Amino acid sequence: MGDPDDAVLFVGVSLVLGIASRHLLRGTRVPYTVALLVLGVALGSLEYGTQHGLGKLGSGIRIWANINPDLLLAVFLPALLFESSFSMEIHQIKRCMAQMVLLAGPGVIISTFLLGTAVKLTFPYNWSWKTSLLLGGLLSATDPVAVVALLKELGASNKLSTIIEGESLMNDGTAIVVYQLFYRMVLGRTFDAGSIIKFLSQVSLGAVALGLAFGIVSVLWLGFIFNDTIIEIALTLAVSYIAFFTAQDSLEVSGVLTVMTLGMFYAAFAKTAFKGDSQQSLHHFWEMVAYIANTLIFILSGVVIADGVLQNNVHFERHGTSWGFLVLLYVFVQISRVVVVGVLYPLLRHFGYGLDLKEAAILVWSGLRGAVALSLALSVKRTSDAVQPYLKPEVGTMFVFFTGGIVFLTLILNGSTTQFLLHILGLDKLSATKLRILKYTRYEMLNKALEAFGELRDDEELGPADWVTVKKYITCLHDLGDEPEHPHDVSDKDDRMHTMNLRDIRVRLLNGVQAAYWGMLEEGRINQATANILMRSVDEAMDLVSRQPLCDWKGLQSSVQFPNYYRFLQMSKLPRKLITYFTVERLESGCYMCAAFLRAHRIARRQLHDFLGDSEVARIVIDESNAEGEEARKFLEDVRITFPQVLRVLKTRQVTYSVLTHLSGYIQNLQKTGLLEEKEMVHLDDALQTDLKKLKRNPPLVKMPRVSELLNNHPLVGALPAVSRDLLLSNTKETVRGHGTNLYREGSRPTGIWLVSIGVVKWTSQRLSSRHSLDPILSHGNTLGLYEVLIGKPYICDMITDSVVHCFFIEAEKIEQLRQSDPSIEVFLWQESALVIARLLLPQIFEKMAMHEIRVLIAERSTMNIYIKGEDIELEQNYIGILLEGFLKTKNQNLITPPGVLLPSNTDLNLFGLESSAMNHIDYCYTAPSYQVEARARIIFFEIGRVWETQPDLQRTVSLLAQTHEPPRTLSKEHSGLLSWPESFRKSRGPHNVSFAEMRNQPGSLSARALQLSMYGSMINDMHSGQGQRRQRHRMQATNQKHSSSYPRVPSRPSNARPLLSVQSEGSNMKRMAAPKEAGEAPAPATSAGQRRRKAMEANNFSDDESAGEEVIVRVDSPSMLSFRQPSK
């Protein structure tokens, strides 16, 4: 035995031989692993077949040749397995998993029994069935590394490469498990059928579970590592070896299947954890590890083969027929492979991407054997050489001889002729579509070259270049025609080419979308989990491009929309805050995905248009891309309306990450240019990395408004007296419902009411379906189910969330207690219920109005009366009525039940969106000259007729709007007219209307308070006392002023109160402004939210001298809920 240092010399020489082989064979399509095996055989022959050997190199060869085969597997196999499985595409793995399992499971068993039977029946060595099956099992382990590398170089289909490589990974594991079974049987252990099934299940399934466990733990650990490429790479290397050791030695399960599962888990969940330089470094590192391992293992295999033959040359001289049986065994191996693929072909064709006959032929020919089989044979030889009664030494020698011979023959014959077979079958050819694209790209390259010629024409130092010589060296652009041909210029009759072009361009656009996702991941626009989902959606869409238009959005819908289990969360007893947290997290994830989806498609469309121009095919695909984004745009618009703070927080995170990474790049560029020394750069960059780490671990969170603020700002709750309000506040149940959730169903028993705080709700009804509502939505500030609770009848419609909705539920019993507590509260509750009922029964009229406009209508142009039995009711032409409770009859003795719409006779039904022919099918709209009360009835009347008449000359001359400019209408549909005066209401009031100004001056006017809250939110709470003080101080001037009863005065602050401090609205934009110099000065009471924000921005521009007053912080969070809050000192 030589010096142990000689083993290092062998490694160095092997790497040099590997480098030379790879360098010399590049471009020849001959796998370099074939050359390595031949070189290994040559080295082994020189060492073992010559008298003098190779000196110190030979000593190193002998050290490696005598290595423990288990150690050989433990050193090389984890790295090779992890690199191979980690480099595979997870989507391809999932699609081809069934085919890989078939080949690696039943395929290995079939191959084992076929080869074992053939050896037992034809070989003259009198081996037992167990020994023959042992040889068949170890020869079933395939190692097609040469074929896979060749397939990737030639651009063969990804599915074929995935099937072959995936089968090899699983095949190694299952073959080793089968080998271990028969190895134990050969050594004297007995197994019955149940024990065999139990052993195979434990070894294989246990390995998969162990691989998943190591994957989960290491990926979680990886999440805590920030921008440290060395640690990230070292972790992947360490976990692969530790997992293999734990499986093989500690738990006695398959180490191969464990590492394979670990690598696939990383491919599925950890690829996006490596970004930018880290990803490139990891890729190059594992490529280098795999290259070194393959180089050493193939040269060592050649050495072992030579050792096995030459060390036992006396045996082979005595049994010369062994060489013939080796050739026969090679034939048996190929036949068994044909049988395996042939038997499983119907299933292989059915599952995954399918398999045609040409691909099946490559699958048969790719059944190479490699280091795994050879290591197992060496393990048998090692056992046979030891003292034991089961295996004779000759058996181990023959195992190494036959296995080494099969490895050599399959690699030399199959590996070196695979390219020829691919060429014969036409699997290495490019499609006509790709050839046209390549030709078109060459013309584009020529244009870019000409542009470069123009930009590089003169050099300030060296002068001009010899452009003729430059052109001669660019041979790839020679022999181009004069006129470029667009790849999509094909005959209109050639439908097949048109279909192929469409498929090709869809794939190219999706590739661009996926590349954009990677770019956004590096920019910090999306996180790792979001990137995984986005990448998966593109992979799934690529499978369908030949059969349907772009459909990558379908893969995201389930991740954007709220899943069904969120409904069970709402009904669970989990804390509300926890459920709200999960809901907001889901909403954030959906916004990330939608924004990234739209941006990636926009980038890909622009790139595609720049490359191909205005071709018809490109235009079709671009239109498909635009159509794909409609739902994403709608989702973001819904969130922008209901939860704008979510979008603002996400953008804040993105901008913060972008600024910090930009600064880091700037510092590093300063160091590269020499303006900063490395120590200075490291000092500054460390501070930036600390900030980035802080951003990653503690990002800005979405802050939901406090429950008390939301409830007090709701018109129903906030308008109530303090005692009644406290009763409701203590009995409300907060909930956040996802899109598409039923709050209640039509016909169900009314159990309570729903206060909509944030979000949009959509109503549907079988009874009211003939109304054809144009926009059946109810937004924040509405009270749902109140009418049904008051009247005690089932719900008259379905209420379904049309966005994420933050709402509160109050039980019916509490509402009944509130109703009986005070008659004025009962009247107020009926008025609140009429708001929703009016929109449900007459959507053509009331859907065009914002909710506060309907409140104005009820306050100024409506009356609510109670009638007793026997009274007659006549309606004037300008009025309509809604029966809220009780029963009426017409002269035709038709019984009218609530809720019902009462119209005067001879009414133009078209004004109400009704037709005469439709009235017979509507059971809640009635026209009659008079109505008779059958039972105590409550009816609310609206003066609505003049809306469609000629505009009256009278305008409101006394109004708060005369003192201030009219607030502009908002663009949002749900908020349209939120602070604007409805044109249809600028009429003189009817004689029957109670002045709302009078109501406001009455103590405890609930409707006025509700209208104020609907318009101004919680500003009313903080400004109430001050405005009263201001009115008291200027009582004489105020007595001569009259204000619109529709837009009641907003109270001002007291003179000794602190200035207005913060406005809470739908975001977190912080503005600073100076407080008014006079402590008692307050803004105009009817100033709109937009005017207040403009004033705040103007105040922000004041100089420090001008803003000598106390600093005021204005934080804008929700235009529908504004509140002023004093900042803490």
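Cβ atoms here come from the backbone N, Cα and C positions, even for glycine.
Annotations in TrEMBL come from automatic prediction, not curation.
Listed in TrEMBL:
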type: COMPBIAS; residues: 1044-1055; note: compositional bias 'Low complexity'
type: COMPBIAS; residues: 1120-1129; note: compositional bias 'Polar residues'
type: DOMAIN; residues: 716-818; note: domain 'Cyclic nucleotide-binding'
type: REGION; residues: 1020-1129; note: region 'Disordered'
type: TRANSMEM; residues: 6-25; note: transmembrane segment
type: TRANSMEM; residues: 32-51; note: transmembrane segment
type: TRANSMEM; residues: 71-88; note: transmembrane segment
type: TRANSMEM; residues: 100-119; note: transmembrane segment
type: TRANSMEM; residues: 131-151; note: transmembrane segment
type: TRANSMEM; residues: 203-222; note: transmembrane segment
type: TRANSMEM; residues: 229-247; note: transmembrane segment
type: TRANSMEM; residues: 253-273; note: transmembrane segment
type: TRANSMEM; residues: 285-305; note: transmembrane segment
type: TRANSMEM; residues: 325-348; note: transmembrane segment
type: TRANSMEM; residues: 360-378; note: transmembrane segment
type: TRANSMEM; residues: 398-427; note: transmembrane segment
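As a quick check, the transmembrane segment (285-305) and the transmembrane segment (203-222) miss the bar of 3 or more Cβ pairs under 8 A, pairs 6 or more apart, so the two do not touch.
Sequence-distant residue pairs (6 or more apart) of the transmembrane segment (203-222) and the transmembrane segment (100-119) include fewer than 3 whose Cβ atoms are under 8 Å, leaving the two stretches without contact. On the 0 to 100 pLDDT scale, the model's mean across the domain 'Cyclic nucleotide-binding' (716-818) is 85. Taking residue pairs at least 6 apart in sequence, the transmembrane segment (229-247) and the transmembrane segment (253-273) share three or more C-beta contacts under 8 angstroms. Counting Cβ pairs under 8 Å to the transmembrane segment (398-427), the stretch among 32-51, 71-88, 229-247, 360-378 with the most such contacts is 360-378.
Listed as Cβ neighbours of the transmembrane segment (32-51) (distance under 8 Å, sequence separation of 6 or more from its ends, same chain) are residues 17-18, 21-22, 25, 57-58, 61-62, 65, 145-146, 149, 294-295, 298-307, 310-311, 407-408, 411-412, 415-416. Counted as Cβ pairs under 8 Å, contacts with the transmembrane segment (325-348) are highest for 360-378 among 71-88, 229-247, 360-378. Assigned with DSSP, the residues of the domain 'Cyclic nucleotide-binding' (716-818) fall into helix, strand and coil as follows: 27 helix, 35 strand, 41 coil.
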